[in-house]
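If you look up TrEMBL, you'll see Arg24, Glu81, Lys121, Lys442 marked as (6S)-5-formyl-5,6,7,8-tetrahydrofolate binding site. What TrEMBL records for Asn228, Thr247, Ile249, Thr252 is K(+) binding site. Feature annotation from TrEMBL assigns GTP binding site to 228-233, 247-253, 272-275. Taken from TrEMBL, the feature Mg(2+) binding site covers Ser232, Thr253. Here TrEMBL flags 218-366 as domain 'TrmE-type G'.
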Amino acid sequence: MTAHSQTIFALASGALPAGVAVLRISGPAAFMMVNALVGDVPAPRQAALRTIRSADGAFLDRGLVLVFPGPQSFTGEDCAELHLHGGRAVVTAVLNSLAGFSGARMAEAGEFSRRAFENGKMDLLEVEGLADLLAAETEMQRRLASEQASGHLSSLYDDWREKLIFARSMLEAELDFSDEGDIPGSVSNRIWNEVALLKQEVDKGIQDLRAGEIIRDGFKVALAGAPNAGKSSLMNALAQRDVAIVTPIAGTTRDVVRCELDIEGYKFELYDTAGLRETADVIEQEGIRRAMRTISDADLVLELTDMSAAVRGDPIGIDRPVIRVGTKLDVLSEARGGACDFDVCLSSVSGEGLEELRSRLLRAVRESTNVASLAIPSRLRHAERLRSASAHLQSALQNEMSPLELRAEDLRLASMELSRMTGRIDTETLLGKIFSEFCVGK
Ligand SMILES: Nc1nc2c(c(=O)[nH]1)N(C=O)[C@@H](CNc1ccc(C(=O)N[C@@H](CCC(=O)O)C(=O)O)cc1)CN2
Ligand SMILES: Nc1nc2c(ncn2[C@@H]2O[C@H](COP(=O)(O)OP(=O)(O)OP(=O)(O)O)[C@@H](O)[C@H]2O)c(=O)[nH]1
Ligand SMILES: [Mg+2]
């Protein structure tokens with residue numbers, strides 16, 4: 001438990017004006033400050049309606065006051081909340097009054113959560129989950145973040161860590177008795193079987209990173225094809241707004257244009273790109289270079305072909321998953337020539353086929369995020385720790401001829417990696433990076 005001498009405060013609710021504004025106070029002087037502002041300290045954890053006055057007795061607001069005595073609070077310290085009328089001047093007046101107390105200052109971004117972490121109220125995975133929960137815009141992002149914020153990923157990794165600690169203690173017991181003649185090795189065999197099973201679980205976790213990243217950061221879809229194929233028009237139709245410039249001139253799009261979509265709770269990132277062709281125009285060449293880079297980074301490529309055009313572009317030929325889209329279905333004569341060359345035929349003008357494309361996109365994201373539970377890694381940091389743990393387990397398992405001491409040391413290193421995951425051991429730099437993701441008041 002890290003005791004802070006300073007009391008911090010901040011607006012914890014959103015942009016003003018708002019219906020209600022919540023000011024949060026945490027630290028040793030919190031209750032003294034509440035007492036000075038409202039005349040008493042209400043009963044713990046019960047909302048009480050009070051008049052809030054400045055140090056010179058001037059009326060500031062009438063609002064709800066809540067106090068949470070430490071350690072039973074969000075930060076683990078004495079905490080208080082003032083629920084004010086959400087006007088700018090009301091909030092400014094009360095914040096100014098709070099700043100007048102000695103030992104009190106405005107909180108920095110993420111400082112409440114940082115104190116919660118330091119006081120053991122949340123571990124690092126839960127803190128990251130909370131940051132993701134505040135940033136979540138889609139239903140699947142919310143579910144993934146809640147899972148992590150409520151400690152389910154932490155329990156999983158703690159469980160693995162405990163298994164390793166148990167295995168090590170068994171090995172150490174065996175080491176202690178080893179000079180009493182050879183024990184038939186049965187204990188040891190059972191341990192290595194369990195370590196092998198654990199390694200499989202860790203490796204499964206590493207594989208799930210891709211699903212976690214897709215849910216958290218979005219499924220990347222690139223629109224590709226010849227100039228005038230209708231890429232920008234399709235982007236605008238899917239986004240239902242005018243994101244990209246559309247003209248009848250081939251070579252309109254040069255920069256990569258990005259937009260986000262929410263399909264059934266999954267976040268998609270759509271990338272409109274320059275039409276692919278041989279060209280002498282240096283600006284267009286650079287556009288095409290960027291297009292190719294975007295296409296090769298995509299989780300899925302929509303390869304568009306203008307079905308009404310006399311000449312069709314060549315296939316792009318990349319090793320990404322592709323949906324072949326035939327465009328301009330509305331101008332196609334009744335002889336729908338070659339529609340069977342495509343997975344989806346659509347018109348961005350009439351809207352025909354868009355629903356079919358949307359359900360194909362949904363199917364693709366579901367296939368890429370097909371996991372049994374949402375207690376999965378979603379940041380590179382998680383996978384790096386898991387990879388390193390897996391490598392130590394591998395070393396312990398394969399070096400059957402090495403001394404038990406060394407193999408036990410590999411198990412210890414693996415469990416250290418899992419401790420880093422929840423932040424039992426870690427560096428100031430990492431903490432700074434994670435807490436800087438928060439806004440002030442959290
Ligand atoms: N008004 C208000 N609403 C809020 C929050 C808040 O701080 N204030 N939260 C802020 O994120 C979230 C709720 N999270 C919270 C987490 C822990 C505790 C807390 O007091 N924990 C104590 C007691 C637990 C208990 O009584 O069961 C503890 O952990 O010891 C409060 C809120 C969302 N809603
Ligand atoms: N009738 C019809 N016209 C379309 C459709 N989609 C696009 N167009 C037209 O085709 C032309 C080219 O459309 P864009 O969306 O700019 O094509 P693009 O693939 O982005 O082209 P570049 O940016 O040059 O690579 C425009 O005149 C559009 O209005 C469609 O579904 N039906
Ligand atoms: Mg375009």
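Quick reminder: no glycine exception, Cβ is built from N, Cα and C everywhere.
All features noted in TrEMBL, drawn onto the structure.
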residue: Arg24; record: (6S)-5-formyl-5,6,7,8-tetrahydrofolate binding site; contacts (Cβ under 8 Å, 6+ apart): Phe9, Ala10, Leu11, Ala12, Cys79, Ala80, Glu81, Ala107, Phe112, Gly441
residue: Lys121; record: (6S)-5-formyl-5,6,7,8-tetrahydrofolate binding site; contacts (Cβ under 8 Å, 6+ apart): Phe74, Thr75, Gly76
residue: Asn228; record: K(+) binding site; contacts (Cβ under 8 Å, 6+ apart): Pro248, Ile249, Ala250, Gly275, Asp306, Ala309
residue: Lys231; record: GTP binding site; contacts (Cβ under 8 Å, 6+ apart): Leu223, Ala224, Gly225, Thr253, Asp272, Thr273, Gly275, Leu304
residue: Ser232; record: Mg(2+) binding site; contacts (Cβ under 8 Å, 6+ apart): Leu223, Val243, Ala244, Ile245, Val246, Thr252, Thr253, Val257, Asp272
residue: Thr247; record: K(+) binding site; contacts (Cβ under 8 Å, 6+ apart): none
residue: Lys442; record: (6S)-5-formyl-5,6,7,8-tetrahydrofolate binding site; contacts (Cβ under 8 Å, 6+ apart): Ala12, Ala109, Gly110, Phe112, Ser113, Leu130, Leu134
Contacting binding-site residues for ligand 1, chosen from Lys231, Ile249, Ala250, Ala274, Lys442 when the Cβ sits under 6 angstroms of any of its atoms: none
Helix, strand and coil residues within the domain 'TrmE-type G' (218-366) as assigned by DSSP: 44 helix, 36 strand, 69 coil
Integer average pLDDT (0 to 100) for the domain 'TrmE-type G' (218-366): 93
Candidates near ligand 2 among the binding-site residues Arg24, Glu81, Lys121, Asn228, Lys442, judged by a Cβ under 6 angstroms: Asn228
Neighbourhood of ligand 3 - binding-site residues from Glu81, Lys121, Asn228, Thr252, Lys442 with Cβ under 6 Å: Thr252
Which of Thr252, Thr253, the listed binding-site residues, has fewest other Cβ atoms within 10 Å: Thr252
Cβ neighbour count within 10 Å of Ile249 (K(+) binding site): 9
